[in-house]
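J.: Take this structure first; my questions come after.
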Amino acid sequence: MKKGRVLVAMSGGIDSSITALLLHEQGYEIVGLTMKTWDYVSSGGRKKETGCCSLDSINDARNVAVSLGFPHIILDIREEFGDYVISNFTSEYLAGRTPNPCVLCNTHIKWDALLRRADKLNCEYIATGHYANIRHENGRYIVSRGKDLNKDQSYALWGVSQESLSRTLLPLGVFTKPEIREIASQRGFKELVTKSESYEICFIPDNDYRGFLKRRVDNLEEQVKGGEFVLEDGTVVGHHEGYPFYTVGQRKGLGITLGYPVYVTEIQADKNRVVLGTFDELARDGMYVHKLNMGKYPDLQGRRLDSVTKVRYNDPGSPAVLEQDGDIMKVFFGKGVHAIAPGQAAVFYEGDDVIGGGWIKASFKQPAFKKYNFSQ
């Protein structure tokens, strides 16, 4: 007896393919779906044979579906993707922030598009190949880290709504990547094991985001040229190529030599300035996070909550105290955290559970020990 009908997001890679395989073996009725989000070549890239949205990847997903005997469809969301994700990407850089398009796409494009199509196809559930887990507890759907901490993708799912989580299956969360490769080999999908994985942003040709911005924004270089590199005290030490071409924490590619290592510590878009400093000057003691989506706990108003907070995808996280003030989360770190970039996602953890997350609005220097005693 079938457990239910599931719409599986399939990129053609090993993770989403084995997601479909596992659910098929568990007795679900599967419909595979591949999203076309962007035309890589039209955005200035060389012909791309592999990776997200390529013809080869679509064919790979279809071949898995045919092999397992379930239907496969293609969903073209390029217009929606461009209107929301691409527009946000350019506007964030023009505002001096560093966007995270993959998290934004998960939250506002992919899940919504999957659920809308699932409804049309009478699918009770959707599924993806993320390495994370979801459980239902105390009336809440809680995202938690996957078994494979090296591949854990819970950070990317902080923005998915409770309603969406209630219909989401993540079968890879209880496996490690080597285990998934072994399953693929055992089930006759050895070609998936050797297929290269794409880690680039799907719409950035050859990882050249500067070139992408120049093509997307008319007269960008004219708008932002002639800006100043300054030190933390305001001393002008050089001229930069345009503030949108830099990000907080950047050291390489600055085109300036001061006799000691310097990093971008702040971007002042309104002044067309890029602030440079030492590694120590890059540290911040806290930050303000807005546009929150709370998971494990719906509201932290009036509470002080200990957490481990991540400020970027590959960040192991730092001990922090959370204080919610309306729609702003104040985050106080026990020790200085480096390269907190406005525009990136901040995700709050309690153990392996995602408490919630939001977008970094600003960071500040205010030693947390003046307010809290952190046990280290």
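A Cβ is built for glycine as well, from the same backbone N, Cα and C atoms used for every other residue.
In case it's useful when we look at the structure, here is the feature table from Swiss-Prot:
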type     : residues                                         : note
BINDING  : A9, M10, S11, G12, G13, I14, D15, S16, M35, G129 : ATP binding site
DISULFID : C105-C202                                        : disulfide bond
ACT_SITE : C105                                             : active site, nucleophile
ACT_SITE : C202                                             : active site, cysteine persulfide intermediate
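Context for these features, please: burial, neighbours, distances.
T.: M35 (ATP binding site): 23 other CB atoms within 10 A of its CB, across all protein chains.
For the recorded site, C105 (disulfide bond), the DSSP three-state label reads helix. Sequence-distant neighbours of C105 (disulfide bond) (same chain, 6+ residues apart, CB-CB distance under 8 A): T37, F81, V85.
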J.: Just checking a number: largest C-alpha distance across A9, M10, S11, G12, G13, I14, D15, S16, M35, G129 for the ATP site, rounded to a whole Å.
T.: 16
J.: C202 (disulfide bond) to S11 (ATP binding site): how many Å between their Cα atoms?
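T.: The Cα atom of C202 (disulfide bond) is 12 Å away from the Cα atom of S11 (ATP binding site).
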